[in-house]
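Notes to accompany the following structure.
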Amino acid sequence: MTMALASSKAFSSIFNTLSPINQSKFVLACSGSNHVDVIDRRRRIMIFGSSLALTSSLLGSNQQRLPMESAIALEQFKEKEEELEEEEERNVNLFQKTSPSVVYIEAIELPKTSSGDILTDEENGKIEGTGSGFVWDKLGHIVTNYHVIAKLATDQFGLQRCKVSLVDAKGTRFSKEGKIVGLDPDNDLAVLKIETEGRELNPVVLGTSNDLRVGQSCFAIGNPYGYENTLTIGVVSGLGREIPSPNGKSISEAIQTDADINSGNSGGPLLDSYGHTIGVNTATFTRKGSGMSSGVNFAIPIDTVVRTVPYLIVYGTAYRDRF
């Protein structure tokens, strides 16, 4: 069908290139002298034959070139498609490997009875806020942001509870109460402890943050707005940033990223392309009143976390030092 169309256009092009004189001769020959008709017919046959030969040659070369160009384009498309599939597969594998280490944290306030007694049933409690965290070790230590559990940390009336939901190494989901082990408001870090009851947990694999480079890929996993196990992808946008801590001091060497960190992502891990934890997601700049990520987000560098968490696990934070 394509060749028929090409030949038709070629013939039309050939006919239209004839001069008005030749065209008028052709018309006159059809209506008059036989001598003129024969001469003009021979001349026209010669012109048509030469043009047709040229057209056939051009079409033949195009026929040879077009399939070759199409084959190259198709091969390039397949290569790009395979690259995309490989990248997607890497992202899927990274998420499947690391998400079992991420926990969902609910800050719960227990209700009081009319007589002032506290109801200890968490099912009747009010969820004051949600956040994220990650499994530090197989003993049940959980790392999160201080501001995620600040109400529990400063509770003087026994009204606050912390519920930690996660999966064990077998993929079984369970929830336990998180008890405070240690706090570091200066760096917006906290360590909780849950009872494992013989379950095997999935601790994160720790990376380093001192060798990060702007432009490298990074991945944030958390529970934004209560949507558990949400993955967002971006790059390291900046290094050595300074951000405020919950107590008004400054956290230095923060990692800036455009991977979305929304409300509920706080405390979750920031990962590199190998699935190693390189930071703790903690803050985002938002437009006033929107509460949504602006693409300027921050994480506490893992080197700071590695210096802080073991100390908190060993020495803890005395209750009197929380206020």
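Any Cβ shown, glycine's included, is placed from N, Cα and C.
These come from Swiss-Prot:
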type: TRANSIT; residues: 1-28; note: transit peptide
type: TRANSIT; residues: 29-73; note: transit peptide
type: ACT_SITE; residues: HIS147; note: active site, charge relay system
type: REGION; residues: 186-283; note: region 'Serine protease'
type: ACT_SITE; residues: ASP188; note: active site, charge relay system
type: ACT_SITE; residues: SER266; note: active site, charge relay system
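A straight line from the CA of SER266 (active site, charge relay system) to the CA of HIS147 (active site, charge relay system) spans 8 Å.
Model confidence over the region 'Serine protease' (186-283) stands at 96, taken as the mean pLDDT rounded to a whole number.
Here the active-site residues are HIS147, SER266, and the one ringed by the most other CB atoms within 10 angstroms is SER266.
When the alpha carbons of ASP188 (active site, charge relay system) and HIS147 (active site, charge relay system) are compared, the span between them is 6 angstrom. According to DSSP, SER266 (active site, charge relay system) is assigned to coil rather than to any helix or strand. Under the three-state DSSP scheme, ASP188 (active site, charge relay system) falls in the coil class. Its Cβ taken as reference, ASP188 (active site, charge relay system) is surrounded by 28 other Cβ atoms within 10 Å in the chains shown.
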